[in-house]
Amino acid sequence: MPALDLIRPSVTAMRVIASVNDGFARELKLPPHIRSLGLITADSDDVTYIAADEATKQAMVEVVYGRSLYAGAAHGPSPTAGEVLIMLGGPNPAEVRAGLDAMVASIENGAAFQWANDAENTAFLAHVVSRTGSYLSSTAGIALGDPMAYLVAPPLEATFGIDAAMKSADVQLVTYVPPPSETNYSAAFLTGSQAACKAACNAFTDAVLDIARNPVQRA
């Protein structure tokens with residue numbers, strides 16, 4: 001895989017809880033209309049968050065839980081743990097299964113990290129979510145349906161790249177994840193028009209690739 005090739009993630013485990021135990025539902029603080037849960041793990045957290053947002057657009061589901069695991073998929077407690085756990089909540093098993101199906105399709109064929117170099121040791125994500133669903137719009141505090149540039153890279157690359165992205169287009173920083181995240185990366189959500197978000201993603205990509213080519217730039 002040379003630089004810019006996609007790094008395709010995998011779903012590592014998936015189950016449906018058709019009817020959640022009442023006591024467990026209270027512990028999870030589920031609203032009364034959530035009776036079923038879809039559980040899914042995958043080996044790329046940010047790709048899975050994007051997929052979860054897609055599920056909210058294709059099925060009557062909500063993301064009731066989503067957390068990354070510490071240190072990434074390579075250091076998980078089991079092969080099925082992956083890098084992230086998502087719980088989709090819905091009124092019945094059919095809606096939850098539809099949401100999980102949407103997530104699997106997105107994980108396998110949608111947004112993906114890319115290699116920044118031929119050595120395949122630096123990965124980044126620069127993806128335009130053209131129309132946010134309920135999950136990402138709520139997370140970022142933007143209006144439902146607003147476009148978003150979803151940017152992730154290692155700490156220095158992300159810091160340099162986010163600045164470059166914001167200088168390149170008419171975009172607003174709505175979420176910043178300083179390093180280190182649970183997986184030792186850094187991230188930002190930018191919002192603006194689709195064209196502006198695309199320009200921001202391109203500038204972020206160029207910045208990450210520039211560091212990959214020449215890591216130590218002396219003044």
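Positions of Cβ are set from backbone N, Cα and C atoms, glycine also.
Taken from Swiss-Prot, the feature domain 'BMC circularly permuted 1' applies to 1-113, supported by sequence analysis. Summed and averaged per residue, pLDDT over the domain 'BMC circularly permuted 1' (1-113) gives 94.
Other Cβ atoms within 10 Å of the Cβ of GLU83 (ethanolamine 1 binding site), summed over all protein chains shown, number 25. Residues annotated as ethanolamine 1 binding site in Swiss-Prot, with similarity to another entry given as evidence: ASP45, GLU83, PHE113, THR183, ASN184, TYR185.
Sequence annotations record features per position, and here Swiss-Prot assigns ethanolamine 2 binding site to ASP46 based on similarity to another entry. Of all the Cβ atoms in the protein chains shown, 24 others lie within 10 Å of the Cβ of ASP46 (ethanolamine 2 binding site). For the recorded site, ASP46 (ethanolamine 2 binding site), the DSSP three-state label reads helix.
Annotation comment: Swiss-Prot describes TYR70 (among others) as site 'Important for gating'. A coil conformation is recorded for TYR70 (site 'Important for gating') in the three-state DSSP classification, outside any helix or strand.
Per Swiss-Prot, domain 'BMC circularly permuted 2' is recorded for 114-215, and the stated evidence type is sequence analysis. In the domain 'BMC circularly permuted 2' (114-215), helix, strand and coil residues by DSSP number 41 helix, 27 strand, 34 coil.
Here Swiss-Prot flags ASN184 (among others) as site 'Important for gating'.
Across the domain 'BMC circularly permuted 1' (1-113), DSSP assigns 40 helix, 31 strand, 42 coil. Inclusion criterion for the recorded positions TYR70, GLU83, PHE113, ASN184: a C-alpha placed within 10 angstroms of the C-alpha of ASP46 (ethanolamine 2 binding site); this criterion is met by GLU83, PHE113. Taking all protein chains in view, 12 other C-beta atoms sit within 10 angstroms of the C-beta of ASN184 (ethanolamine 1 binding site). Of all the recorded positions listed here (TYR70, PHE113, TYR185), it is TYR70 whose C-beta has the fewest other C-beta atoms within 10 angstroms.
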